[in-house]
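Participant: Pasting in a structure now, in structure tokens, and then I'll have a few things to ask.
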Amino acid sequence: MSMEAFKKAAARRAADMVQSGMVVGLGTGSTAKYMIERLGERITEGLEIMGIPTSEDSAEKAQKAGIPLTDFATHRRLDIAIDGADEVERGTLNLIKGLGGALTREKIVAQAAKRFVVIVDASKPVDHLGERAPVPVEVLSFGWECTADRLASYGARGVKPRTDRDGSLFVSDSGNMILDCHFGPIMDPAALSAKIDGTAGVVAHGIFLNMATEVLVATEQEIERWEL
Ligand SMILES: O=C(CO)[C@H](O)[C@H](O)COP(=O)(O)O
């Protein structure tokens, strides 16, 4: 099976957990896209749900799929949120998210959800967060250079603003910059998370601790379901 097929398998399995009447957090990225498509199919079969998207991109995909959207003004609490991840730590289900740039909205949606189901292919599990992925940090553009220096003082290498493929500055849906911070394997993610959270200029970062309630990992043999 190709990596795309793995992503699709995990995404469809998660979409099939959704039941009529639920308010659903709609993640962002190439795996979440398959989940949105599957929810769209199920709506044509009679499923009745409302979605809260984690990005403008997912809002557009949800609208195309026919998923009615709602917002936090109407629904403070979500029944379930389903999203991809860049890394999943074995044993803890802690995550790095945000290589798609939607980390702040994704964190708000995950935090508001009773269940947060993470869908990944077999390339995403790691022994320690940071092994492969940088930690994306969404920052205000004001004083970003100072914020970057501060992040570097925590051990991040090569901290620089994310750019789009054409070299232009990446701007998040909320109008902020993303600094990708390469820490390497993170031995104490709670301590690092607290330090980054306490840094002026930081809006949110991509370390998601104790948020995932279950992770679906699509492997060659099966879709593994990890829970704590
Ligand atoms: O956090 C995210 C976007 O901000 C994505 O969920 C994460 O980057 C995984 O993406 P993909 O499913 O395309 O591998």
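Backbone N, Cα and C define each Cβ position, glycine as well.
Unlike curated entries, TrEMBL annotations are predicted automatically.
This is the feature table in TrEMBL:
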- GLU106: active site, proton acceptor (ACT_SITE)
- THR28, GLY29, SER30, THR31, ASP83, GLY84, ALA85, ASP86, LYS97, GLY98, LEU99, GLY100, LYS124: substrate binding site (BINDING)
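Show me how these features fit into the structure around them.
Facilitator: For GLU106 (active site, proton acceptor), the Cβ neighbour count at a 10 Å cut-off comes to 31, with all displayed protein chains included.
The Cβ of LYS97 (substrate binding site) lies under 8 Å from the Cβ of ASP83, GLY84, ALA85, ASP86, LEU103, GLU106, LYS107, PRO136, GLY206, PHE208, each on the same chain and at least six residues away in sequence. According to DSSP, LYS97 (substrate binding site) is assigned to coil rather than to any helix or strand.
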Participant: What is the Cβ neighbour count of ALA85 (substrate binding site) at a 10 Å cut-off, with all protein chains included?
Facilitator: 28
Participant: I want to check the contact list for LYS124 (substrate binding site): same chain, sequence separation of six or more, C-beta distance under 8 angstroms. What comes out?
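Facilitator: ALA85, ASP86, GLU87, VAL88, VAL217 - these are the non-local Cβ neighbours of LYS124 (substrate binding site), listed in sequence order.
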Participant: Across all chains shown, how many C-beta atoms besides its own are within 10 angstroms of the C-beta of ASP83 (substrate binding site)?
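Facilitator: Other Cβ atoms found within 10 Å: 32.
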